[in-house]
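Reading through the structure tokens given below for one structure.
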Amino acid sequence: MEAANHNNNGCTNESPYISSVLPGWFSEISPLWPGEAHSLKVEKILFQGKSDYQNVMVFQSSTYGKVLVLDGVIQLTERDECAYQEMIAHLPLCSIPNPKKVLVIGGGDGGVLREVSRHSSVEQIDICEIDKMVVEVSKQFFPDVAVGYEDPRVNLHIGDGVAFLKNVAAGTYDAVIVDSSDPIGPAQELFEKPFFESIARALRPGGVVSTQAESIWLHMHIIEEIVANCRQIFKGSVNYAWTTVPTYPSGMIGFMLCSTEGPAVDFKNPINPIDDDASHNKTLGPMKFYNSELHKASFCLPSFAKRVIESKGK
């Protein structure tokens with residue numbers, strides 16, 4: 001995920017994000033999920049640094065392996081990162097035939113790159129990540145995630161994703177994947193209408209976008225706005241899907257899956273299934289989470305969310 005700014009309570013001499021209430025525990029506290037916190041026991045702090053954009057920390061947890069934290073908010077853990085990375089990448093790419101050019105916005109840890117590289121039809125993978133430190137730290141501490149950078153099809157651009165998109169020729173990409181963090185601070189722009197308009201312009205007719213779209217348990221007001229914007233901009237298909245990620249707030253995260261006008265895209269029925277046996281080699285390892293059955297099921301919504309999201313289409 002890309003940069004975000006969050007306020008956090010609790011501090012010790014070790015790190016401002018180690019809880020003063022539960023010594024030796026990392027606690028994730030944010031105005032985006034008031035009244036609750038998620039905590040992991042810290043075995044050892046492995047890295048702390050401050051980039052031009054955010055505070056970066058890596059720690060060894062007792063139960064989820066190594067953990068990457070940006071401005072006090074968990075971005076990934078070794079144990080459950082597969083549930084996010086595999087779904088945000090394969091939901092769009094398995095829904096269109098033979099994707100060739102893919103753009104990743106954010107995703108500095110390299111996990112989305114790893115998943116995109118499983119698709120043999122892909123010829124070009126561009127990634128624009130704003131924070132070079134995230135890339136470097138991920139390569140050092142999360143080699144099984146950052147392995148995506150080793151693919152020769154990958155072109156890394158360090159810079160602002162919004163500006164990058166504005167300079168892209170119209171109709172360049174088959175798919176755009178936006179691996180952003182929460183809509184606060186530097187990532188705020190990645191949830192606003194002009195950004196979605198830039199994505200639509202950068203996609204070919206019938207091209208697809210997959211973007212992080214928050215939790216139905218915490219952010220229905222944000223999701224409502226995103227859905228409304230997407231329905232105005234993407235004239236093909238607009239859908240909300242979700243996955244479970246234990247270390248994300250509320251234990252789940254959603255995605256917007258949209259297509260531009262052109263060849264029809266039915267996201268709920270994957271036409272480009274990825275063969276797990278053929279999708280990995282010794283470098284990447286097998287997929288741990290995504291499969292075609294889960295792909296279809298991810299678009300099934302609880303009634304309360306379904307009512308709100310469907311109402312935005314009327």
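The backbone N, Cα and C atoms fix where each Cβ goes, glycine too.
Under the three-state DSSP scheme, Asp179 (active site, proton acceptor) falls in the strand class. Swiss-Prot lists Asp179 with the feature active site, proton acceptor, giving similarity to another entry as the kind of evidence.
Taken from Swiss-Prot, the feature S-adenosyl 3-(methylsulfanyl)propylamine binding site covers Gln54, Gln85, Asp109, Glu129, Asp160, Gly161, Asp179, and the record attributes it to similarity to another entry. Neighbours of Glu129 (S-adenosyl 3-(methylsulfanyl)propylamine binding site), defined as other CB atoms within 10 A of its CB across all chains, total 26.
Feature annotation from Swiss-Prot assigns putrescine binding site to Tyr84, Asp179, Ser180, Ser181, Asp182, Tyr248. Over all protein chains present, the Cβ of Tyr248 (putrescine binding site) has 25 other Cβ atoms lying within 10 Å.
Annotation source Swiss-Prot lists domain 'PABS' at 23-260.
Under DSSP, Glu129 (S-adenosyl 3-(methylsulfanyl)propylamine binding site) is assigned to a strand (E or B) in the three-state scheme.
When each of the recorded positions Asp109, Asp160, Asp179 is scored by how many other Cβ atoms sit within 10 Å of its Cβ, Asp160 comes out lowest. Ranking the binding-site residues Gln54, Gln85, Ser180 by the number of CB atoms within 10 A of their own CB puts Gln85 at the top.
Under the three-state DSSP scheme, Asp109 (S-adenosyl 3-(methylsulfanyl)propylamine binding site) falls in the coil class. Within the same chain, residues at least six positions away from Tyr84 (putrescine binding site) with a Cβ under 8 Å of its Cβ are Leu76, Gly111, Thr243, Val245, Tyr248, Ile253. Looking at Asp160 (S-adenosyl 3-(methylsulfanyl)propylamine binding site) and Ser180 (putrescine binding site), their Cα atoms lie 12 Å from each other. For the pair Gln54 (S-adenosyl 3-(methylsulfanyl)propylamine binding site) and Ser180 (putrescine binding site), the Cα-Cα distance reads 14 Å.
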